[in-house]
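Since the structure comes first, as structure tokens, the remarks are kept for the end.
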């Protein structure tokens, strides 16, 4: 392993000497597989087994008891991704995109992954005062983090979606590049999510003149011009309840600008150039309107032309479980100069476009982490010998990885469906059904893939045995960074309630669009005999879901709230199943495509109907929930 001169000790004092594929050790005979190289699997396995049979003194691997998994070009090794693009992209677009992604895959392997690991080893540091006692509030980031920003611009990781070189397929092209980039980005995928969201908000506002320069910077391919954006919403009272938790006040100035005063409790990518934030406009008497209708959306630059903070004080950096590569801070806004960019009182509605984009990025990160862990796990299974044979030759071990693979495939197709629909909406090519479907599927996909990713990466870590728990393998980093995905941009329960809101606001039209889209996909497979069981299972689930929606409609709000999570899971499972069936019904589909569809559909596709039959959503059950949770607690005796 060749270390970087910039690597520093981890905060806890431990030094992480190696992570797979980010800082690689020299290849060993018959083991390493990199871009442009190939090995016959049989010869490699034979070498591993022969080495183990030798006396310890003669073994080449006497100082290395377990072989390190190594993967090559992520794009070339992702069969599902390549088959999806081949199926959906127009030939000319496919040719160009394929060439770009193969090139990008090689860059990830040789250049970007080592930088990502440097970001892990060199987390941001907060320097509040200089040597002379002057307050500077300087967040120091490593050179690799700053290089990631340049690479993001060079690769057009934001620009691609807004240049629209490939019309409605541009958003999908961008999403695929972000998917490949995510697990190698050293956490830089997070500021890119908020930058994309900010660009989307500005575009949705018609790119007003005052924001044209900002939009150009956010979508630039020039590393010297490219800006990143933050998203400052969370305050001291908590996260998702912005209507009641936002205390920041905006005071209008004579020149038409505003000054913001308040405390931002959790600001990701605090080193960004600009940000969007919510605040309440004070009237002439200094009073503000409470609730969501009192919130307005503001744009501000983090620093002025001289590089000084815009009346912002950094209180401290957050000490997080994961995503430690990125600076997340607590900030005081003490008269920060800002521009009102929404209609007064329309802040929540205006920032919704940003939330949709960042939630899609959350799905990208979830699917990417699952794919990365499975890629490492399957490669390890070809090298690790236990009980006299390779792990890949143990049926139970392979069954475990296969089950993770099926989950990842369903999540991947759900992601592709969302960005396909978004591309249609952004180019004014979407039908009303497509628009309704996108509104429903964004929260559904975000909440479901976040939970999937947490389960899959932990299971994959276990597939390495004790090695999976070792910091210097890099696996714990992936696990920690994945666990935030069910929390960031709305927890599972919050998003489940958002799903219900989409039903209410559309007066049920989103469900009509859902049923129609699923039916269309199932019809494509009606003549494929091998898919008949999966089609039947999905149709039965759709029928049960329709019955649930009719029955629940007469039971009241409590029933729907209690059912919200199971209802959202049901939507995710049915729709992902339909997508897997559709993909497996292609003329050139592989046997594994068919197997994935059938295995996905063997699970409980409509848990909400089952739980309704079990009376899990009755008001009495809510009381029992409370009794179960608080039995023996001091709160129980106090009546709270």
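Here the Cβ of each residue, glycine as well, is placed from N, Cα and C on the backbone.
Remember, TrEMBL labels are computer predictions, not curated facts.
Taken from TrEMBL as is:
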DOMAIN    72-203  domain 'Adaptive response protein AidB N-terminal'
DOMAIN    231-334  domain 'Acyl-CoA oxidase/dehydrogenase middle'
DOMAIN    345-503  domain 'Acyl-CoA dehydrogenase/oxidase C-terminal'
DOMAIN    509-630  domain 'Acyl-CoA dehydrogenase 11-like C-terminal'
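Along the domain 'Acyl-CoA dehydrogenase/oxidase C-terminal' (345-503), the predicted structure has mean pLDDT 96. Among the stretches 72-203, 345-503, 509-630, the one making the largest number of Cβ pairs under 8 Å with the domain 'Acyl-CoA oxidase/dehydrogenase middle' (231-334) is 72-203. As a summary of secondary structure, the domain 'Acyl-CoA dehydrogenase 11-like C-terminal' (509-630) carries 98 helix, 0 strand, 24 coil according to DSSP.
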